[in-house]
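Report on one structure; see the data block that follows.
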Amino acid sequence: MIPSITDSHIEDLEAKTGLIFDQERRQAIKEFVDIQACPGSGKTTLIAAKLILLAKSWKQSTSGICVLSHTNVAKNEIISRLERDESGRKLLSYPHFIGTIQEFVNRFLALPYCRSKGISVKRIDDDFCCKHIEANLAWGTRKALETKQNVNISDLQFRYVNHEFEKTVPWFNKAPPSASYTNLCSIKDKMFKEGLFFFREMFELAKAYFDINPSVIEAIRSRFPLVLVDEMQDTSLAQDEIINNIFSYGGGALQRLGDADQAIFSGDEKETSNSYNDLQLKVINTSHRFNPSVAALASRLSTNKVPLTSTQLINNAQPHTIYIVDELNRPRVFSAFAQLCANNLPLSEKHPIKAVGGIGKTKPEGLTVKHYFPNFEKSNSSKNFKPAKLIEYFRETQKITTCNADSYKIVLEGIRRLLDIAGYEYISISQLKGMLKEFSNHNEINQKIIGIQRSDLNGSHGWENNIKDLLTVLGLLDSYDVLTDFISYAAPRPVADDEFVSANIYAEEVNGRDIYIEVDTIHSVKGETHAATLMLETKFYEYDVHQMLDYIIGTKKTKPTGVRKPKFMKQLYVAMTRPKHLIGIAIDESRFPEAKRALAIANGWNVVDLTVAN
Ligand SMILES: Nc1ncnc2c1ncn2[C@@H]1O[C@H](COP(=O)(O)OP(=O)(O)OP(=O)(O)O)[C@@H](O)[C@H]1O
C-alpha cells in the first residue's frame, strides 16, 4: 500500500536536483523511522525529496499522506518545494494533507466535534481571546488581578477532564465564593457560547470528540496511512499526545524528524516535554550549512553533545569574534560586525547577515535587542507584518513601486486574514491564489483589488465603499458583522514611508561594499540560513551569553542544569548554527573578565574590545 523507495529512485532525484544523499540520509528516505539531525543537515530538504518520491508512485485516491509541522513557516517551506515539482504538486490536494499540527487538530477533530454538538466557532485566536477577557473584566476583578504576580489571563481556558469540560481559572485552584472568580467564570462561559477559543482549547475539543466518537481514530488512520512530522522537537505535550494517540500503532507509517538540541518552543512550562526529545537516537551530525570552523564552535553549545561536522572539506577558518561592549558602546557592535563581514564574506554570498537576541520586547530594566538597536520593533519585521486593519495591507502595497507580484502577495495576506476572521480554515498564500483563479469572477476580483490599490486611502468614505465592493466580489458580505473591526477605516500612522522595510536594518557601506544587518529575535530566525550571525547578549532574569560563556569559550562541557541555563543553551545553539561563514557575539565588559578573554582567544575566538576608544 505504501510505495517503497529504492536507491535508484534516489539516484534519479539526485541527478535531477544536484542534491547528494549519503547512506544515513538515504536510509531516512527509504524507511519510516524517527530521525534526529543537526542544524543544516537538510531535514526540510529530505522531507521534500521523500514526499516527491512517494508522490510519484502514490496510487490510492481516498487515502493520502499527512505532513505535519509546528509552524506555518515550515509548512510553507515544504509546500513551496513541492510546488516546484510536477509529482510534488499532487500532494497539495485531496486526499493528502500538509499543515500545522494545530490545523490538523482543528480540521479533523475539534471542528467536527463542534459541528456535531452545535457549538459555533467564530474565532480561534489567543491574542483576541486575551483582549476579549481584558475588556470584559469587572472593575473589582481587574484590581484584584493587578495585585497578583505571575497570573496570566491566557490561562482562563477549558480542559476536558473525566468526560466533561472544566474551567481553569487563573490564580484560583478551587472554586471559592468570590466575585472575581464568578466574573472570570461567566466571561469564560460566554466565550464558549460565542465561539471564541484559545488554540490550546482545540486539543480539548479533540479529546471530547474521541470520547463521543471513538471510531474517528480508525477513520483518520485509514485516510492517512503515512505521516511525516517536521520540527518534532518543538511539539508541546498536548500535540505529542495526540500524534501518538492517533498515529503510533503497529502497521502505520509514522516518521518524526527534528533536532532535540534546537527545542526552543516557548510555551507553558508544564507542557513542553515530549516523547521525541528524550529518544537517544544516533544524530545525523553533518551539516550542509556551515563551514568546519562554525561547526567546531557551535558544537560546544549542543545540549546532547553532538559533534557537528561540515560537508565542506576545506577548513577556511574565519575570524569568529567576541565583541566586548558597555552601555555607551553597545550600538558600535553593528559597525564592527559590518566591517568584519565586508572583509571576510565572499562577494558572491547572497544569504542575509543578521543580528539576533533572545529578548526583543522592550524591558527598561532588562537587556534586550532594543538596547543595542533602539529602532528595533518586532512587529515591523517584514515577516511579522500583521497590522490590525485591512487598510494597512493596501497602504503597504502603495509603497511598492517595482514588483506587482510582491504587492499582490501583500493583498493576498490581507484576504487570508479576512477569511481567517470570517471562520474559514487556514490556507497558504499559494492555495489562496489558486482558489481565486478558479472563481468565475476572477477578473472582477483582480480589478477591484487594483482599483483599491490605486485609490486614495486617506478618507473613510471612499474606503468603506471600496471594502463593501471587495467583500461582495469575494462573496464575504454575509460575514460583514464579524469582520467589522478588521475592515474598518483607520487613519494613516504618522511614520516614515519605509518604516516597515528599514526599521530593523542596520546599513553601512564598507570599502564600497554595502552591508545590511537585519535585527531580529532568535525565535524568529529558526530554520534560516545566514551568511553571518551576530548574537546580542540579552537578559531574561539572567544574562544569557554570560550564563553560557564558559561553554562558548570551550572551558565547560557538562550538561547545564537549573531552569534557565538549558534554555539559554538551546537558544544560543539555534543562533550559532544559522551562519554559513561567521559568528559574532556581543557581551558586556563587566561579565567577561580578563582571564576568560585569554582562554577565549586560546580556544578559537577573536576578542575585540569596543569599550576602548580608537
Ligand atoms: N542533500 C543535500 N545536498 C546538498 N545540499 C543540501 C542537502 N540538503 C540540504 N542542503 C542544503 O543545506 C542547507 C540547509 O538545509 P535545510 O534547511 O533543509 O536544513 P535543516 O536540517 O532543515 O536545518 P535546521 O535544523 O537549521 O532548520 C540548505 O542550504 C540546503 O539547500
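Heads up, the Cβ atoms here are built off N, Cα and C, so glycines get one too.
Secondary structure at G40 (ATP binding site), as computed by DSSP, is coil. Residues or ranges marked as ATP binding site in TrEMBL: A37, C38, P39, G40, S41, G42, K43, T44.
Sequence annotations record features per position, and here TrEMBL assigns domain 'UvrD-like helicase ATP-binding' to 16-308. Regional average pLDDT for the domain 'UvrD-like helicase ATP-binding' (16-308) in the model is 90.
Note on the binding-site residues P39, G40, G42: the fewest other CB atoms within 10 A surround the CB of G42.
Within 10 Å of the Cβ of S41 (ATP binding site) there are 25 other Cβ atoms, across all protein chains. Counting only same-chain residues six or more apart in sequence, the Cβ atoms lying under 8 angstroms from the Cβ of A37 (ATP binding site) belong to A28, K43, L46, L257, G258, D259, V283, I284, N285.
A C-beta separation below 8 Å, combined with a sequence spacing of at least six in one chain, links C38 (ATP binding site) to D259, D261, V283, I284, N285, T286, S287, S302, V306, L308, T577. In sequence order, T45, L46, D259, I284, S287, H288, R289 are the same-chain residues whose CB sits within 8 A of the CB centroid of A37, C38, P39, G40, S41, G42, K43, T44, the residues recorded for ATP being left out.
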